[in-house]
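Heads up, the thing below is written out as structure tokens.
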Amino acid sequence: MSKLFSTVNSARHSVPLGGMRDYVHIKKLEMNTVLGPDSWNQLMPQKCLLSLDMGTDFSKSAATDDLKYSLNYAVISRDLTNFVSKKKNWGSVSNLAKSVSQFVMDKYSGVECLNLEVQADTTHIRSDHISCIIQQERGNPESQEFDVVRISELKMLTLIGVFTFERLKKQYVTLDIKLPWPKKAELPPPVQSIIDNVVKFVEESNFKTVEALVESVSAVIAHNEYFQKFPDSPLVVKVLKLNAITATEGVGVSCIREPREIAMVNIPYLSSIHESSDIKFQLSSSQNTPIEGKNTWKRAFLAFGSNIGDRFKHIQMALQLLSREKTVKLRNISSIFESEPMYFKDQTPFMNGCVEVETLLTPSELLKLCKKIEYEELQRVKHFDNGPRTIDLDIVMFLNSAGEDIIVNEPDLNIPHPRMLERTFVLEPLCELISPVHLHPVTAEPIVDHLKQLYDKQHDEDTLWKLVPLPYRSGVEPRFLKFKTATKLDEFTGETNRITVSPTYIMAIFNATPDSFSDGGEHFADIESQLNDIIKLCKDALYLHESVIIDVGGCSTRPNSIQASEEEEIRRSIPLIKAIRESTELPQDKVILSIDTYRSNVAKEAIKVGVDIINDISGGLFDSNMFAVIAENPEICYILSHTRGDISTMNRLAHYENFALGDSIQQEFVHNTDIQQLDDLKDKTVLIRNVGQEIGERYIKAIDNGVKRWQILIDPGLGFAKTWKQNLQIIRHIPILKNYSFTMNSNNSQVYVNLRNMPVLLGPSRKKFIGHITKDVDAKQRDFATGAVVASCIGFGSDMVRVHDVKNCSKSIKLADAIYKGLE
């Protein structure tokens, strides 16, 4: 401890590393790069300064006056500039410093030891600069236990002092904090959250002595979850009072403490900070935005949750009761998520979501309506706070007719909800409904950034399951398709990404047709023969998977095919679906039935005989009544696919240079970042953004017709209005599609469309683009290659894959889940 921190405290290079006496220095090499969010929480380039002290032996260079025996600081400076510029976002000063130090030690064998400091001045608005100091010694990785992250000149106002005049007015103090970054720790200390916690603590507390202040700040930092894992890490905290003695720039004290020392110490005011609830905000008592009366339509966002009985039915009933009110209109409903209970853990998992409503009610009147639905209509019994409940309806945000956030601070109602920023099960569904630029009215930060901050903590209880309801079956528990998405650290880039970590669903193709492109006539037989084939198919799939989706088709949808009549399609498919559902030889709790149809009447008949999923290759484009049928059955899953034209014209419509929605699009986002800030992505993503916009347009029509978001999966339509190269590009760009959103003008109002959390189905099986690459003219010869493509689809984020060769592709899926998701 003393070696490292004496180096840091006195001067960066005051203690020679590795016994070296010769050094080459580069002082404050200036460059601009993105270091994660800046002072204004924007991903903009920041100026950073790199200083290097490189221990070497230049005796030979000094004797010969020949540069080749020395470290060329001009070349090193150029190489460092090039190295830093190659990455779009380093994420933090610490990540940049760690990467630069490794780069220097790997590239320049003449560097025997290194002392590196990376400094940035605009990382946090409260601090003059944040820096990271890395020390390395070649051949002796254990020479130092810690690197250091330094927070300099952290400015705050607080009450401090023993004199009466000091107790009446807050005064400025600055803190210098040195955070140890253990060499064995993969991640650096969480600088942003530590600063926020320290600032909140100091500014909401008061002290008589600087000694109490510095000790308490050390305790606040020590109680951070990060340092609980490293109890022997030395924390250095220095405080200066800037106005105590006017003839000085400041007076104060400093201390070095280890978390284990502070754990048993009772620090005053520490109860005001608690890591589990992070930073709570106090709502202003003043209200600058007027609350309009009953004659004006306003907007509100309500969070709903249930964990008693039939949770989904309770949620449906609550939404129906809201919609029956003349003063309330349901505008948009989020996906449904399952979450582990917070606070009181010993209870059933919750089912959660958010709904956006238009209302003539005031906030207090809307609260009364919510309580009426909870306690009178659905008979909620509240035994204690945060306990089980049949239904919970909370007002999360309230906006006036101009779209301005309303702040309410009353004994029985706080808006925005004071604990919403602690809960992914509120923020995740809410962020499906609001634009990434929507600011929290109190913190003035984008709400989506608060969600990211929760996920970055990597707490298991913040991980959610997306649920897609399936119809109720007699004797079977309520059924759902389940998709688990988690934030994972990329061990190579150091960045966090949202990826699906639940098993991929296998959808087995069963074409009861004489003319499908690869298996026409194969299952075009009597019901008994078809059922035997289904039983074998299920056995093959369930050997490795918990469930299987059987996708029955009664009409070929291959491009340019002659379409069977509606009556013929019904004759081929409906009796078969009925037989499958009634079969006692099939494990009905593991068999999910789908019908591949674009006709609403066929879908309606299939629902009557037990189908769970409507797989519509047209996305409602071929039959205007399809959405009405889906809306009438809110427990039916609907796969909304992308195509253009019709069966006979789609192959001529694979040109995507111009955006179909044109000027109606106002703003586009990828991973919640405005596309205008992503110059390197704009030209490369024209195809997938076109597909995303056209899926979004059909999504809007579905929602306008009463379809619920929780019903919808999306399929970008491989092979439909796509060239072979475009099919490959779509597979590669699935991560963009799953994180694509946009705002657009629709019916004289602004609509936000968000594809986040939409499970994606891909159907590459035996398709022509595979044969184009493998030279397999016969579609049936493409099964082996299909297995490889299926694995790639999963690697790029597909949640469900549609295949012909169930037995072998089920193995490909299982392997891909193990490789890309770490599942066994």
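Residue positions begin at 1 at the first shown residue.
Cβ atoms here come from the backbone N, Cα and C positions, even for glycine.
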Say a student had to find the phosphoserine annotation in Swiss-Prot: which of S14, S277, S286 would be the correct pick?
S286
Quick check on the annotation: Swiss-Prot has R558, D596, D715, K767, R802, V803, H804 binding (7,8-dihydropterin-6-yl)methyl diphosphate, so which of N615, N745, N747, N748 does it put in that site too?
N615
For K767 ((7,8-dihydropterin-6-yl)methyl diphosphate binding site), the same-chain residues 6+ apart in sequence with C-beta under 8 angstroms from its C-beta are L718, G719, N727, A779, R782
Rounded Cα separation (Å) that holds between D715 ((7,8-dihydropterin-6-yl)methyl diphosphate binding site) and N511 (Mg(2+) binding site):
19
For a quick check of packing: other C-beta atoms within 10 Å of the C-beta of V803 ((7,8-dihydropterin-6-yl)methyl diphosphate binding site), how many?
26
Pairwise Cα distance maximum in Å, (7,8-dihydropterin-6-yl)methyl diphosphate-binding residues per record: R558, D596, N615, D715, K767, R802, V803, H804:
18
R558 ((7,8-dihydropterin-6-yl)methyl diphosphate binding site), Cβ-centred 10 Å count of other Cβ atoms over all protein chains shown, is 17
Within 10 Å of each Cβ, count the other Cβ atoms and name the one among the binding-site residues R802, H804 with the highest count.
R802
Quick check: in three-state DSSP terms, what is D596 ((7,8-dihydropterin-6-yl)methyl diphosphate binding site)?
strand
Its Cβ having more other Cβ atoms within 10 Å than any other among the binding-site residues D596, D715, the winner is D596
